[in-house]
Amino acid sequence: MPVDIGKLVTPVDSAHPGSAILVEPADAVPFERSWADQRHWQQRLLEQPHLPEAVWLLQHKACYTLGRGASSEHLHFPLDQPPAPVHRIDRGGEVTHHLPGQLVAYPVLDLRRRQPDLHWYLRELEQVLIDVLAQLDLRGERLPGLTGLWLDNRKVAAIGVGCRRWITQHGLALNIDCELAGFDQVTPCGLSGRAVGRLVDWIPGLRLAEVQPLLRDALAARFHLAWCDEA
């Protein structure tokens, strides 16, 4: 199936080694659609390694996702009566809640062009988030032994990735001005007793549209990407 290119920024030379397609849908996207698009582009990169990489920046309609091997014990509702769709997917980590007001980034990158090391990649995604928050005069923090980002001991961003022959999918989710009630239906990321936060709690009135260009630029800078048209 073709990738929905959505909104593209100014094209550059698609032969550039850091070229990447930027996909920014205007409306909230059903999870199944974005997952299919990621897998499609991942497969294309496996078959044609010279192609540009791709990054999706979007919001999801409300849903819950469970990583590989995630325990359903972290769901506080019966699976046959979920408050929103539930998807078991091919990423690491436990349960995550997606919804409007949360900015999601899905980089489909070939780590062989950088460093074929998933631990390195996870730390780089955390650094992207730290860089974004710094632009807002907020100091994001890592917690030892955990993946994601915290502000004042409240988790504001979740990270979970999948990888096939060093080509990534899935990514990160940053809570900006989303409702938090849906997180009470699960144990987010399997971390009992850890509070969830959103950036608007620190910066009243902050909108997702203000943060999206910061995340776009931080990803481009960290992974040396130049946005381009579809190959």
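Note: Cβ is positioned from N, Cα and C throughout, glycine not excepted.
Taken from Swiss-Prot, the feature domain 'BPL/LPL catalytic' covers 49-227.
DSSP classifies Arg91 (substrate binding site) as coil under the three-state reduction. Arg91 (substrate binding site) counts 20 other C-beta atoms within 10 Å of its own C-beta, drawing on all protein chains shown. Annotation comment: Swiss-Prot describes Arg91, Gly92, Gly93, Glu94, Val95, Thr96, His97, His98, Ala158, Ile159, Gly160, Gly171, Leu172, Ala173 as substrate binding site.
Per Swiss-Prot, the feature site 'Lowers pKa of active site Cys' maps to Lys155. DSSP gives Lys155 (site 'Lowers pKa of active site Cys') a strand state. All protein chains included, Lys155 (site 'Lowers pKa of active site Cys') registers 20 other Cβ atoms within 10 Å of its own Cβ.
According to Swiss-Prot, the active site, acyl-thioester intermediate annotation covers Cys189.
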In three-state terms from DSSP, label Gly160 (substrate binding site) for me. strand
Considering only the binding-site residues Arg91, Val95, His97, Leu172, which fall within 10 Å of Lys155 (site 'Lowers pKa of active site Cys') when distances are taken between Cα atoms? none
